[in-house]
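Working notes, structure below.
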Amino acid sequence: MIGILLAAVLWGTTGTAATLLPDAVSPLATGAATMAVGGLLLALTAPRGALLALRTRGAPRWLLPGALAVAVYPLAFYSGMSLAGVAIGNVVALGTAPVFAAVLEQLLDPADRRQPLGSRWLLSAVAATAGVALLAVFGHHGGGAGTADGTVPGVALGLLAGLAYAGYTYTAGRAIGLGVPSRGAMAAQFGLGAVLLLPVLLATGGSLLRPGAGGADSPLAQLLGAPHPLVVVGYLAVGPMFLAYVLFGRGLRTVSSSRATTVTLLEPLVATLLAVVAVGERLAAPGWLGLALVLAGVVSVATERRAAPGGTAAAPAR
């Protein structure tokens, strides 16, 4: 449990750390570098397992779309936070992932394993949807990262990130159900996802080599100054991406994909706290209500037990 909590705290620092990057560094470069480096490190933890996973009959059917979802996730996640702010971007992406995961289970699980969605899940989905709507319309109130004009597209990208996150967690679970070891499934998905992101990194990563001021005069930026972009991206790749995954993987073994996306409930709470305290973001009152509704929906889904597709699911990573 301690490993899972530490992983959640590390994941919760991603948006705040990204605000230290210079304005010249695009969120596409941030996402591509973080996942390309971190994904390759994860692949190296189980190279034989990754090859075995790709050779297992029927597994590539799930692992290849999962790799695409892995590549989409950081691009949408960091872009969403850049537009809507750290707090809103995190809460939308992580708060809606359980809803997307449950929908994927309903659409793609074998009929004999499919479980009907109960009234609690429906209420959770309604709460999360209402919360996202409030965040999109009334969320940003100035300060920190993000702008009022960028809130709606930022929320849309957060939704895409939530879908991608739920997607690659689900596909890994399906591959594991075919007999692929958990570490091998995740190593294959993240290794392939990293390869897919290399062209994006080559096209946008030049700005990572040039130092510059970032942080938008946030309290954290005033405290730490202007670290080199490679230092910030190195932390994002090795800390929240690689180390957090290892910690989480050791603490979490058998769980459904919808529950796997809700175990780390601490993450959006840490992200929101850091966004307000360290970045200086401010949310309007309806935005706080929306955030509370999303988190309430996550808590409700987290306490509802659901069987895993194929019997097992993999630990998610960022």
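Heads up, the Cβ atoms here are built off N, Cα and C, so glycines get one too.
Annotated in TrEMBL:
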- 2-135: domain 'EamA' (DOMAIN)
- 28-50: transmembrane segment (TRANSMEM)
- 62-81: transmembrane segment (TRANSMEM)
- 87-108: transmembrane segment (TRANSMEM)
- 120-139: transmembrane segment (TRANSMEM)
- 151-170: transmembrane segment (TRANSMEM)
- 153-301: domain 'EamA' (DOMAIN)
- 190-209: transmembrane segment (TRANSMEM)
- 229-248: transmembrane segment (TRANSMEM)
- 260-279: transmembrane segment (TRANSMEM)
- 285-303: transmembrane segment (TRANSMEM)
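The DSSP breakdown of the domain 'EamA' (153-301) into helical (H, G, I), extended (E, B) and coil residues amounts to 117 helix, 2 strand, 30 coil. Among the recorded stretches 28-50, 62-81, 87-108, 190-209, 285-303, the one sharing the largest number of Cβ pairs closer than 8 Å with the transmembrane segment (229-248) is 28-50. The stretch with the most CB contacts under 8 Å to the transmembrane segment (120-139), chosen from 28-50, 62-81, 151-170, 190-209, 285-303, is 285-303. Helix, strand and coil counts under DSSP for the domain 'EamA' (2-135) come to 109 helix, 1 strand, 24 coil. Against the transmembrane segment (190-209), the recorded stretches 28-50, 62-81, 285-303 differ in Cβ pairs under 8 Å, and the greatest number is found for 28-50. Beyond the transmembrane segment (62-81), the same-chain residues lying 6 or more positions past its ends with a Cβ under 8 Å from any Cβ of the stretch are 14-15, 18, 27-28, 30-32, 34-35, 39, 53-54, 88-90, 92-93, 145-146, 154-158, 160-161, 163-165, 167-168, 170-172, 174-175, 178, 185, 188-194, 196-197, 200, 318. A mean pLDDT of 88 is what the model gives for the domain 'EamA' (2-135).
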